[in-house]
Every structure is written in structure tokens, then in C-alpha cells.
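Summarising the annotation, TrEMBL assigns domain 'FAD dependent oxidoreductase' to 47-311. The domain 'FAD dependent oxidoreductase central' annotation in TrEMBL covers 375-430. The domain 'GCVT N-terminal' annotation in TrEMBL covers 433-573, 608-713. According to TrEMBL, the feature domain 'Aminomethyltransferase C-terminal' maps to 734-818.
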Amino acid sequence: IQTSQLSPSVWLIHSFIHSFIHSFIHSFIHSFIHSFIHSKPLPKSADVVVIGGGSLGCQTLYHLCKLGMTNVVLLERDRLTAGTTWHTAGLLWQLRPSDTEVELLAHTRNVISSELEEETDLETGWIQNGGLFIASNKQRLDEYKRLMSLGKAYGIESYVLSPAETKDLYPLMNVKDLYGTLYVPKDGTMDPAGTCTTLSRAATARGVIENCPVTGIQVKVDDLGVKRVKEVETAHGTIQTPCVVNCAGVWATKLGEMAGVNVPLIAMHHAYVVTERIEGIQNMPNVRDHDASVYLRLQGDALSVGGYEHNPIFWNDVSCNNCVYKSDKSFTADHKPLMGEAPEVRGFFLGCGFNSAGMMLGGGCGKELAHWINHGRPEKDMCGYDIRRFHHSLTNNNRWIRERSHESYAKNYSVVFPFDEPLASRNMRTDPFHQVLQEQGCVFQERHGWERPGWFNRGGPAPVLDYDYYGAYDVPKNTDYKYSEILGKEYTFDFPPHHDAIRDECLSCRNAVAVFDMSYFGKFYLTGPDAKKAADWLFTADVNKAPGSTVYTCMLNKRGGVESDLTVSRLEPSPAHHPLTPESNGKRHTPFHTKCEMIKRQADEKASLLQEVLNSDLSNDAFPFSTHKIVNAAGHKVRAMRLSFVGEMGWELHIPKESCLPVYHAVMAAGAKYGICNAGYRAIDSLSIEKGMDLRPDDTPLEAGLAFTCKMKTSIPFLGRQALEAQKAEGLRRRIVCFTVDEKVPMFGLEAIFRNGVPVGHLRRSEFRFAIDKTIGYGYIRNPDGGVVSPDFVRSREFTLERMGVTYKATAHLKSPFDPENKHVKGIYG
């Protein structure tokens with residue numbers, strides 16, 4: 001197709017003959033290149049066996065070798081890049097609406113554009129032709145402006161262009177229907193074959209063994225009953241190994257089945273076409289028209305064009321023999337890759353399900369996966385990619401996998417809004433309160449399969465309906481779908497239309513009484529004769545308190561990063577089974593009740609309300625903060641804990657399942673005269689941010705302002721202590737800071753932080769603080785010269801926050817400006 005005006009929102013079509021010739025030539029060249037790769041003999045044993053010779057497999061092999069591992073091998077059933085990788089577009093965009101992904105992309109770009117060529121003297125085929133994102137409406141351009149501001153925190157050059165400026169940059173483009181564009185000059189194009197070939201050459205391992213299909217993976221059961229990888233069986237022999245890495249792309253599910261591991265992804269046929277020569281297209285940037293769901297990749301003097309439709313063809317028969325020139329990709333339930341060690345089998349790692357982003361994320365994810373394998377955990381916060389994010393009841397549920405993966409594909413290019421929720425495979429996991437809360441107008445959120453309260457709609461019930469595949473596959477599209485309509489109104493980067501409803505929930509909590517259903521949060525028992533020893537090692541705080549006490553603490557990794565913050569409650573040993581206490585026999589049995597937040601009923605009316613429901617004295621003297629006891633609530637035994645997640649005096653009620661509704665109704669009836677209301681997680685987000693925390697596994701308690709949770713003044717060793725002691729001695733190179741903005745402007749996180757005009761970080765999270773009618777946010781800041789971030793570094797300069805290209809003056813706080821002494825949770829007001 002030759003044209004002087006190329007519109008990005010029009011599909012380009014080429015002839016079948018051209019497609020066949022292109023595929024044939026590509027395959028011939030690909031085979032010729034790889035005929036020079038030496039396929040070494042199959043080793044008898046290996047420390048790690050990587051399966052799959054695409055982007056992720058080659059990047060993982062390369063980074064394992066960079067860590068000093070030599071006894072590793074990569075097995076490829078055909079030739080390198082013979083799967084999804086060979087036909088990938090190879091586009092690399094530096095900006096994504098996730099700080100972790102921006103960092104992963106930056107590493108990929110560094111490996112492809114410079115590191116590999118310096119190590120091997122071979123060219124990877126990297127072309128820095130830039131990237132151009134098309135916006136056809138204000139919401140899309142607002143998203144691009146958010147990306148531009150985030151990019152400034154990472155030193156990524158980008159520009160928001162007008163239609164006229166876009167025309168100057170890309171003369172062939174029809175800009176009449178454009179709202180604007182985002183131009184990133186240092187984006188580019190990767191060559192899949194060149195990249196993987198260079199990666200395999202750079203790896204100093206046993207190397208790559210091609211034409212070696214895996215036929216089986218054997219596992220063994222150790223003395224503790226734990227399943228572990230034992231060996232890999234191939235058509236050419238067996239390799240003894242304790243570690244397998246599944247980088248098999250669309251074949252990953254079948255590989256997982258060999259070891260008894262669920263790999264929740266779906267393979268889809270993906271269409272792309274190549275145009276004829278287009279005069280003047282040379283050296284133009286790659287284009288993504290997200291609203292048309294189309295990408296345009298520069299391919300010499302032509303374009304390769306692909307897109308994501310609402311009715312993709314599922315590839316149900318993923319065999320080892322029926323994929324030659326098809327374009328097939330694997331998609332997951334939440335549009336995030338599957339990585340990390342499988343919960344079913346130790347030593348079985350995943351590196352698959354990359355939702356068309358395997359090339360661009362390959363370098364960063366390959367590095368993190370190699371570190372995961374070698375050191376037991378990744379360096380960055382990879383929780384959003386960890387296979388363990390999915391509950392086992394979902395990973396083997398075909399309906400959930402199929403519906404959610406379809407929605408993931410169909411929304412591949414959708415705007416990422418702060419309050420979006422999936423429509424597919426909902427109501428998979430519900431608690432006893434679900435129906436009664438739904439009847440009261442609860443708008444539910446989905447997390448890990450659970451339906452949890454988001455906020456309460458004044459317009460009545462808005463149930464989530466069965467998935468309609470957006471009307472595809474002759475499935476009747478849902479009509480008069482209230483939940484979907486409410487979500488649609490939330491699609492904004494301004495204050496959402498239901499802002500006032502969430503404000504009322506927050507202010508009810510502050511000024512009256514609010515009830516939160518937090519059944520979704522986890523509960524664990526730590527029991528056994530060595531429970532005390534385990535608690536000392538696992539928890540940063542000293543939890544050796546009297547039964548009836550509750551302690552807030554952290555759990556760290558070896559590097560001092562916070563894996564979890566939680567409360568630990570010491571229980572009385574129980575000689576008989578009790579629904580609120582684990583069974584115990586013998587004096588040496590010391591139970592702890594560990595929670596990562598629990599079923600929570602928050603009361604704020606100075607205990608008056610709960611005093612009418614519980615048979616226990618709730619005064620400060622009789623029931624002080626951070627204690628718990630079993631009490632009677634409306635004729636039912638519950639465990640009451642004097643805790644609060646939102647900075648006010650309150651209680652958690654831990655209720656046996658069969659007693660949940662009677663206790664709930666009793667609380668609501670007693671609270672009517674106090675103005676009690678239901679509240680959801682949107683209110684919790686706003687209320688809890690006032691208490692000043694944002695934690696990830698790459699943050700330490702010292703950086704996060706949680707040094708008080710660490711028993712550093714004792715001699716008791718705990719996991720991560722050495723790292724904290726070293727960090728304390730050296731001084732903090734990063735520190736969490738609270739920012740408030742006087743102007744009434746919505747912020748959601750990812751806004752750039754400037755200190756005297758110099759970028760020093762970005763907001764991790766931000767919410768509107770209704771109690772003072774201001775925006776509040778938290779971010780970790782760094783010293784631009786790499787020095788210590790001291791309190792004086794924060795106090796001595798002016799700060800601004802950039803939101804969508806606009807700068808706002810901000811006030812920095814080292815402590816939360818709301819109740820900094822934590823008096824409210826202790827019942828001290830005034």
C-alpha cells in the first residue's frame with residue numbers, strides 16, 4: 001500500500017503471497033543464522049535448566065551467567081526464537097504506568113542497545129527510531145501526560161505534541177482526528193533473532209541445545225513432604241537438576257502439567273500484516289494508536305501493523321507441531337507475566353505469560369528471575385508478577401483463566417485508570433457479608449479472586465453479572481448493567497463522580513461510626529514447640545508479650561526489605577478445639593495468631609456502640625490499645641482486638657463464619673442512633689494514607705519510618721537485621737516523605753517529585769484527605785548526588801509535585817500531619 005497520507009486508525013492489508021514470502025525469507029535467514037550456534041551435548045546434570053529459547057529464556061540464561069552460574073543449560077524444542085519471539089514486533093517503549101515496569105524496561109534497553117554489543121562485538125539489531133503514542137481523546141492524552149511526568153523522575157526524555165507538531169515530526173500522518181501525541185525519542189525497535197543470538201553467544205554457560213524437546217519433568221518428595229524438581233527428560237536423554245525455568249511461552253501450560261504445576265495462561269492467535277514499500281516512511285518513529293488498538297512498527301521502508309480485537313481466536317490445541325508461521329501470544333488473567341517459584345513444586349520457576357511484552361520486558365525480567373533463582377528472591381518489587389498472587393482455587397479454574405485472559409487481551413491497549421475493575425470471572429470468592437452488603441449498594445472490588453467492598457453507592461444495588469465477552473463470540477451483551485455503568489463513570493484522571501460518597505464514608509469514620517468488612521485480609525496461626533524461636537527470627541519487633549497482647553511488626557527479607565507488615569497476637573494455649581484458637585496439647589505449645597489484616601469492624605464512638613453489643617468492659621483501663629480477648633457478641637463468641645487500620649479508636653471483631661451475619665446485624669442495630677454507616681476500601685485508602693505508610697519488598701523499615709518496629713536495642717537476631725545495621729551505619733540513601741498540596745487537585749501516584757526544581761523521586765501513592773480537604777501523597781526521595789537523605793535534606797529546600805505536566809507547590813513532612821503522636825488510636829482526643 002502506497003499513500004501520502006497514512007492514518008494510524010486504519011488497518012493496512014497486504015496480499016497472502018507477500019505474507020508467505022516474508023515468512024519464508026524470515027524463516028530461511030533465521031535457520032541460516034542459527035546453523036552456526038553450536039549445540040553442545042546433553043549434560044548429565046545442571047544447576048538450572050531453562051526451557052524455551054525465546055526472549056525470556058535467553059535473557060534468563062544470560063543473567064544467570066552474569067551472576068556467576070556456569071552449570072546451566074537452555075533447551076529449545078526447535079530453534080532459538082522459533083516460538084512467539086520470532087514474529088514479535090520487537091517494539092521497546094520506555095514509559096508504562098508502573099514504576100517497576102519503567103525500571104524493567106530501562107534494563108532491557110541498556111542490555112540490547114549497549115551492554116551486549118560491548119561484551120560480544122556483535123550487533124543486536126537495535127534501532128533507536130523513537131516512539132509516538134496517538135491520543136484521540138482527552139482521557140488518553142491525560143494518561144500520556146501522566147507518563148511524561150513519571151518519565152522525568154527517571155530521566156526519560158518525552159514530549160506531549162500538538163497535532164501540528166505531530167505533523168511536523170511524521171509528515172505522512174493524517175492528524176485531523178488526533179487530540180495530541182506523546183513522543184519518546186529514545187524508544188526503538190529490537191531484532192528478535194539478533195538479540196537472542198547475541199544473548200546466547202554472551203552466556204558463558206554450557207550453552208544452548210536446540211532441537212531438544214522436553215518430554216517430561218520428574219519431581220521427588222523430600223522428608224518433609226515437599227515436592228521438588230528432580231530431573232528433566234528429553235528426546236535425547238535426562239538431565240538431573242534441582243531447578244527448572246519454564247520460559248516456554250504458549251507451551252508453558254503443557255510444560256507445567258509435566259510437573260503438576262498450574263500455569264494460568266491462554267494462547268491467542270494474533271494478527272499482523274506488512275505493507276508494501278511506503279515512500280518517505282524511512283526513519284519514522286514506531287506508532288501506537290491505543291484507541292484504535294493498533295501498532296505500526298517501522299520495517300525498513302514499510303510498516304508491520306498489528307492490533308488487539310475484542311474477539312481474538314483462542315488457540316485451544318497448543319501442540320508442539322502446529323505452529324510454524326502463525327502469530328500466537330499468551331495472555332494472563334491480569335495482564336501481568338507469570339514469574340517466580342511455583343507453589344506446587346520447589347525449584348520449578350516460571351517466566352512466561354508476557355501478554356505481547358516479552359521482548360521489551362525480557363531484559364529486566366530475565367535479570368530479576370535470575371536473581372530470584374540464585375538468591376531466593378528478586379531485587380525489585382515483583383509481587384505483581386509473582387505466580388503466588390493467584391489463589392490455587394483460581395489457577396486450575398478453566399472458566400476464570402479463559403474469561404480473565406480474554407478481557408486482558410481485549411483491553412490490552414485500554415487506558416489504565418486508577419479505579420478500574422475487571423468484569424470477567426467475578427464472584428469467584430465471596431465472604432458471608434457479600435449479599436447483605438450488595439443489597440445496601442456496595443460496589444465491589446476484585447482482589448485475588450475475592451469480592452471486597454469498594455464503596456457504597458447511594459443509588460441502590462449494583463451486582464456484578466456474568467461475563468459477556470464484550471458481546472463477542474455471539475454471547476449476548478449485558479444490558480442495563482448498572483455495575484458497568486458505574487465503572488464507566490470512574491474512568492477519569494479527575495475526581496471521580498462518586499467522590500462525595502467516599503467522602504461521606506471517610507467523615508463518618510472520623511466523626512461518627514463506620515463499619516468495614518475486611519474478611520479478605522489473611523489470617524495465619526504460628527504454632528508448635530519452636531513457635532517462639534520462629535517468631536523471634538521472623539518478626540522485627542519483640543512479640544514475646546503476655547497472652548492477650550498484640551504487636552505491630554514487620555517481616556523482612558535478607559536484604560532488609562519489608563515482605564509484610566502485620567500484627568502478631570499472642571494467644572492462650574487451648575487444650576481443646578475452639579473456632580478462635582488452634583488446638584494445643586502440652587506446655588511447650590506456644591501459639592501466636594498472625595494477621596495481615598483481618599475481619600474488621602471499626603468503631604469510633606468512644607466504645608459506646610460496641611459496649612451495647614459485647615459483654616466486656618471496653619474502657620481504656622480494662623481493654624487498652626493493642627490487646628485482645630475472647631468476648632460474647634450478641635450471643636456469639638468472637639475475638640475482639642483493640643486495633644485500628646485508619647487512625648481512630650476502634651476494634652476488630654474476628655468472627656466464626658456462621659456467626660458473621662448475626663453479629664453484623666447486632667452492631668448495625670446498636671449503631672443506628674450513632675449514625676453508623678458501611679464503608680469500603682476506597683475510604684480505607686484515603687483514611688490510612690493519613691497515617692503515613694507505603695511498603696514494598698525493596699523498602700526497609702528505616703527508609704519507611706518504621707524503625708520503631710525493629711528490636712535493634714535488644715540482642716535478639718532476626719532476619720534482615722544485619723542489613724538494617726549496615727544501612728543505619730551508612731545513612732539512608734532514600735527516605736519516605738509525606739507531601740500535602742493546598743490546591744484541590746487529584747493525584748493517584750506516579751507524580752514526579754522535585755526538590756528545588758531537580759527530580760528526586762515520584763509519589764508511590766496519593767489520596768484526597770477529606771478531613772483537611774487536601775491531597776496527600778507519599779514517595780521515597782533520593783539525593784541526586786547519591787548522598788545521604790537526612791532530615792535536613794528534606795527540611796532545607798522547597799518541593800513541587802508534577803501532575804500531567806503541571807507543577808504544584810507541596811509541603812514536605814517527615815511525620816504524618818494527622819495525629820503524629822498516634823493518640824486517637826489510644827482513645828486520647830482533644
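Every residue gets a Cβ built from N, Cα and C, even glycine.
These numbers come from a predicted model, not from an experiment.
Sorting each residue of the domain 'GCVT N-terminal' (433-573) by its DSSP state yields 41 helix, 38 strand, 62 coil. Where the domain 'GCVT N-terminal' (433-573) meets the stretches 47-311, 608-713, 734-818, the count of C-beta pairs under 8 angstroms peaks at 608-713.
Taken together, the residues in the domain 'Aminomethyltransferase C-terminal' (734-818) have a mean pLDDT of 95 on the 0 to 100 scale. Taken residue by residue, the domain 'FAD dependent oxidoreductase central' (375-430) breaks down under DSSP into 21 helix, 2 strand, 33 coil.
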